[in-house]
Amino acid sequence: MSNINVIDILKESDALLEGHFLLSSGRHSNRYCQCAKLLQCPQKSEKVISVIAEKLKEVDFNIIVGPAMGGVIVSYELARQTNKPGIFAERKEGVMCIRRGFEIKKGDKVIISEDVVTTGKSSLEVAKVIEEMGGEVVGIACIVDRRAEDVKTNYPIYSACKLEIETYEKDNCELCKKNIPFVKPGSREQK
């Protein structure tokens, strides 16, 4: 599996975008990774997610939870490859929760699956729900880890690749200063 070049597959899938983007975190960036473009291709997704599955071989877990939207397909494919159950969390009235008959049992060891981790906000929201239900989060699995060095999640990250993409506060964004309109590609509602 080590001969898989995840960045090349992301590029082939048109998942790495250039422009001016308002991220779901509220920060701005000149690059964006739209993993939905990768995830629409099952064969490419299978290859990329196999890199994560390989990293999870030595991790003790029994269930995978993916936050909607980006983590749903990742959860499914990772569950398929690791032969573990895969479920998803979703927002109800703006609050992340486990619904649809899914459950986390006391003592479950959980991997949270994501497409992209930037600030870890969605993962941490899901972790809180899992822990309130009696589960233990043992890691976060993602296709792309694009966290800045100062962003900590308190959980190990198992990613298919690491991308260093600069982000900016609105007030420090050169693209805003040039009046270049932004695109809001993320799935979380902006306030």
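Just so it is clear, glycine is given a Cβ too, placed from its N, Cα and C backbone atoms.
Per Swiss-Prot, these features apply:
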| type | residues | note |
| --- | --- | --- |
| BINDING | Glu114, Asp115, Val116, Val117, Thr118, Thr119, Gly120, Lys121, Ser122 | 5-phospho-alpha-D-ribose 1-diphosphate binding site |
| BINDING | Thr118, Arg146 | orotate binding site |
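Here the features listed in Swiss-Prot are placed on the structure.
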residue	record	Cβ within 10 Å
Glu114	5-phospho-alpha-D-ribose 1-diphosphate binding site	25
Val116	5-phospho-alpha-D-ribose 1-diphosphate binding site	25
Thr118	5-phospho-alpha-D-ribose 1-diphosphate binding site	25
Gly120	5-phospho-alpha-D-ribose 1-diphosphate binding site	22
Ser122	5-phospho-alpha-D-ribose 1-diphosphate binding site	29
Arg146	orotate binding site	23
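Distance noted between the C-alpha atoms of Ser122 (5-phospho-alpha-D-ribose 1-diphosphate binding site) and Arg146 (orotate binding site) is 14 Å. The CA atom of Thr118 (5-phospho-alpha-D-ribose 1-diphosphate binding site) is located 5 Å away from the CA atom of Arg146 (orotate binding site). Neighbours of the 5-phospho-alpha-D-ribose 1-diphosphate site: apart from Glu114, Asp115, Val116, Val117, Thr118, Thr119, Gly120, Lys121, Ser122, residues of the same chain with C-beta atoms within 8 angstroms of the site's C-beta centroid are Gly70, Ser123, Cys142, Arg147. The distance from the Cα of Gly120 (5-phospho-alpha-D-ribose 1-diphosphate binding site) to the Cα of Arg146 (orotate binding site) comes to 10 Å. Distance from the CA of Val116 (5-phospho-alpha-D-ribose 1-diphosphate binding site) to the CA of Arg146 (orotate binding site) is 7 Å. For the recorded site, Thr118 (5-phospho-alpha-D-ribose 1-diphosphate binding site), the DSSP three-state label reads coil.
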